[in-house]
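Visitor: Sharing a structure below in C-alpha cells format, with a few things to ask.
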C-alpha cells in the first residue's frame, strides 16, 4: 500500500465546504487557498466524515482523471510529463485502483520539481536508474545500461512513470486505435508484442523523439559510384540487424551486425554514453575514433566504416574478423612454427610501420588486440589507448620518435621498460611489444610473466627472461636485438626487416606480404635447421680477419701469409697439423722496418712458434709446428664452444664474433730480435690479461679491523656486510620446485668484470675451469666440501645432505660410529631422550631445520662468511664459509618469494648461492638482492683474476 500523505489542516479548514468539493476540484482548490480558519475541536463523527470525504475525493471523482502517483494531491498540482502515455478517462466508468507491485527501492520515490517545473524521477544514488547521477541526462531516458556488461535494455528508468504504468492495461479503445493506425506491423511482431507482458507502452511524443534521434545521429557518407556520380549513404541503428555478442571491453560491447541493405557483416562496437561519462572515458573514445580515421582503408589495421548514435549509445561500425584473435590461435596450437611466425610477424611489422608513418603509436600491442580476418590476415584493433603524434612543424612530414607520457597505459606483460622507469612512450615501445609477440609465438607464453603485475614489472626492468630449450637460434638473435632496455639501442623497424629471419620477405612488395596464402599452421618443432647458427653472423667476421692477415703479411714474407691463414682457421693445413717451413729467415733490419705497421699478434706468435730452430733438424721443427697449431686450435675451441644456455646443454648463439687473442695485447714496435724470441712468455701475459681485472687494494678501515680475526690475508677487504635470513636446502629438489622462478643474477655486471670479449658469466666460469684443469678436471667430480665449509657441523650429520659426503668430513671413525649406532638403536626403541646430553651438544643453530637470522660478510678474496649470535652481547659464531672461486658455485635470484611474508610484504627478495648438493637461500629486502649478487660476483671474479 502506498503511504497517503494528506494535510489534516487543509481538510479541517474546509469542513464547511465539503459538499462543494465533491462536485468540483476547482472549488476545492479555492477553498484551500482562501480558508485560514484554525482547527477547532470536533467529534468522532466529524473525523469519520472527513475521512470519507478524502476517500471519495480520491476514488469516486466524476469527470476527472486523478493521476497521482505518490501523493493524494489533485491533478492540478502535478507537473505534466509529456512522455507518459495516459489513457483518457471514459465517462460513466468508475476507474479502478491499479494493482501495484512495489519494491523496496521504488516505494520510497517521490516527485520533485526542478527549475523548469518538470518532474524528475529519483532513485537510489549511484545506481544505473539514478538520473541525478549524470549531468547530461536530466529526464526521460529510454534505456538502462548495465555498467559492467554495457547491454542495452529496452526499459525506461524514470521510477515515477514506472509506478504509474506497470501492470496497468490501457482501455480496449485505445489499443484498437493504435492497431488501426499501424497497419504496417507484421502479424508475427504483434504476437511477440502480445506475448511480452512486461513491455511498457510509449507515448507518441517519446516515439517521435526517438525518430528524431535516429535522423539526427545517423551516419552520412558520400561515395563516388562507378558511373562517376556522387551517392550519399545514410546509416543508423535501424539499418542493422544485431546478432551475437563477439566480445566486450572496459567500456564497450562488440556485437555482430548485418547490414539490412547490403547483407554485409560488421562488428559494431556499442558504447554507452552514460558509462563513458561516468567512468571518464570520453578521451579514449575520441582517440580511438581519430586514430581509426587516420588509419582506415588499409590492410593490417581494422577499418572504421560508420559512426552514428542514438539517445543512449554510440556505434562504431568496424571490420568483422571472422577468425578471432591471434591469442586464440596460439593457445589452440600452444606454439606456432617458424613459417607461421615469419608470415604473421611480417604482417604485424608492416602494420606497425604504417601506423608510425601516420603518427599513431598503439601502446597496447598484444595478441588479444591482433585479429585474423577470413583470409587469415592480421588486423590490429583497439586504439583506445593510442597516442596521436603531431608533426614537428607545418612543413615537416615527419612525426617525433617519442613523447612524454602523462598516464600509464598498456598490458603488464608487453609494456616497455622506458614507460615504467622514465614515463616515455614512443615508437620503440611498439617495437618492444612486437618482440614479445614473436617470442610468444614460438614459446607459447610471453617472455615476462609473473604471478602479479609488480613482479612482472620487476622482470621487465631487470630484463629477466630466458629462452626455452630448443628455441630457434635465428629468432633468439632477433629477440635479443629487440628486447633491449635502452630504446636508442633497440632494433628499429628497418633493422628488423633486414634481419636474417626476414631475409625471404620482400617488404617493398605489398602483395607478397598481404595477398599471399598463409603457410600451414602448426606447432613449433625443434629441428637441426632451427638450431643452426646465423650464417651471416658467422661468415662475415671470419672473412675480414683472414683478409687482414693476408694483406699485412704479404709485404714481409709469403711464408708468414701461410702461417697466418693456418692460425685464422681457414686453411686445411692447420687441421692436419703441418705447416710449411720458411725458406729464409728474415733479418732483424727487415723486421724493424716492418714493425711500424700494425701486425697481428696472432700471426707473429704463429710465425715464432713455427720458426725452424738453427741447431735442430727439420723433423724437430715439424713436430714443434704441429704442437703449436694444435694448441692454437684447442685454445680457440675452448673459447668458442663453452658458451651454453643456462639450464641446458645447448650452446648460446654467437651474436658477435670473438676477436683473436692478439687483440687483447697492445702491439708495440720491436727494436731488436730478442723481443720476438720471447713471444712464448708474452702468450702467458696475454692469458693473464684476458682474466678479469683485479680490484685495487684500498686502505683498511675500522670495518676490517673489527673482523680481522676472520680475514686470512692483509689485503683482504670487506665488500659488503649485512643481516640476512638464511637456510639450506638440497639443490636438486629446490631447483625443480622453483624451476621457472630462478634466474641468474646479477644481469648487469660491469664490463670490467666481463672483460673476456663481452662473454657471459657462464662462459667465463667454463673458461676458468679449462684454465685450472690441474685442480678440477671435471665439475661433476668436484667436492662441495671444499667450497662450503661448516666448522660447527663437521661432527654432525645433515638430514638433507647425501650420507656419504657429509659423514666422512673430519670424523673419527670409532667415536662417530658408536655414537650414531647408539642413537639409531635408542631411536628405534623410542628412548632417544636418554642421549639428552649428546643431543644438546650437537643441537646448535641449524640452517637445515629452520631459517636463521645471520650476518653475511663478502670479502674481496672470493669468500662469503656467515655468522650467527644468540643475542647482542654474545660473540659472533662462524657457521659457514663459502669459497666463491669454484666453478660450481653460482648465484641466482628467486623472483617469486616463498616466505610467509610474500603476501603481506611484497618487498622481500630472495637470492641463492647454489652448489652441487646444497643451496643456501638468503632473504633480504627486495632492493638489496641485486646489490648482494653484484658483491658476490665481484668477489668471485676478483679472486679468479688474481690466479
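The backbone N, Cα and C atoms fix where each Cβ goes, and this holds for glycine too.
As annotated in Swiss-Prot:
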REGION    1-43  region 'Disordered'
COMPBIAS  1-14  compositional bias 'Basic residues'
REGION    108-132  region 'Disordered'
REGION    162-212  region 'Disordered'
COMPBIAS  187-198  compositional bias 'Acidic residues'
COMPBIAS  199-212  compositional bias 'Basic and acidic residues'
DOMAIN    240-502  domain 'Protein kinase'
BINDING   250, 251, 252, 269, 319, 320, 321, 325, 368, 382  ATP binding site
REGION    271-316  region 'PIF-pocket'
ACT_SITE  364  active site, proton acceptor
REGION    550-598  region 'Disordered'
COMPBIAS  550-579  compositional bias 'Low complexity'
REGION    611-644  region 'Disordered'
COMPBIAS  618-632  compositional bias 'Low complexity'
REGION    660-686  region 'Disordered'
REGION    794-816  region 'Disordered'
COMPBIAS  802-811  compositional bias 'Basic and acidic residues'
Visitor: Enumerate same-chain residues with a sequence separation of six or more from residue 319 (ATP binding site) and a Cβ-Cβ distance below 8 A; give 'none' if the list is empty.
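Guide: 266, 267, 302, 303, 305, 373, 379 - these are the non-local Cβ neighbours of residue 319 (ATP binding site), listed in sequence order.
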Visitor: Out of 250, 252, which of the binding-site residues has the smallest number of neighbouring Cβ atoms within 10 Å?
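Guide: The binding-site residues 250, 252 were compared, and 250 has the fewest Cβ atoms within 10 Å.
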Visitor: Hey, which of the recorded positions 364, 368 is the loneliest by Cβ count within 10 Å?
Guide: 368
Visitor: How far is it from residue 252 (ATP binding site) to the residue listed as 'active site, proton acceptor', counting Cα to Cα, in Å?
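Guide: Cα to Cα, residue 252 (ATP binding site) and the residue listed as 'active site, proton acceptor' are separated by 17 Å.
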Visitor: In the region 'PIF-pocket' (271-316), how many residues does DSSP put in helix, strand and coil?
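Guide: Helix (H, G, I), strand (E, B), coil: 20 helix, 13 strand, 13 coil.
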Visitor: Cα-Cα separation of residue 321 (ATP binding site) and residue 364 (active site, proton acceptor), in Å?
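Guide: Between the alpha carbons of residue 321 (ATP binding site) and residue 364 (active site, proton acceptor) there are 19 Å.
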Visitor: If you pair up every Cα among 250, 251, 252, 269, 319, 320, 321, 325, 368, 382, the residues annotated as binding ATP, what's the maximum separation in angstrom, rounded to an integer?
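Guide: Taking every pair of listed residues, the largest Cα separation comes to 20 Å.
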Visitor: Taking every residue in the region 'PIF-pocket' (271-316), what is their average pLDDT?
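Guide: Averaged over the region 'PIF-pocket' (271-316), the predicted model reaches a pLDDT of 90.
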Visitor: How big is the Cα-to-Cα gap, in Å, between the residue listed as 'active site, proton acceptor' and residue 250 (ATP binding site)?
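Guide: Residue 250 (ATP binding site) has its Cα 14 Å from the Cα of the residue listed as 'active site, proton acceptor'.
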Visitor: Can you tell me how many other Cβ atoms are located within 10 Å of the Cβ belonging to residue 321 (ATP binding site)?
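Guide: For residue 321 (ATP binding site), the count of other Cβ atoms within 10 Å is 20.
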Visitor: May I ask you to report the DSSP-based helix, strand or coil state of residue 364 (active site, proton acceptor)?
Guide: coil
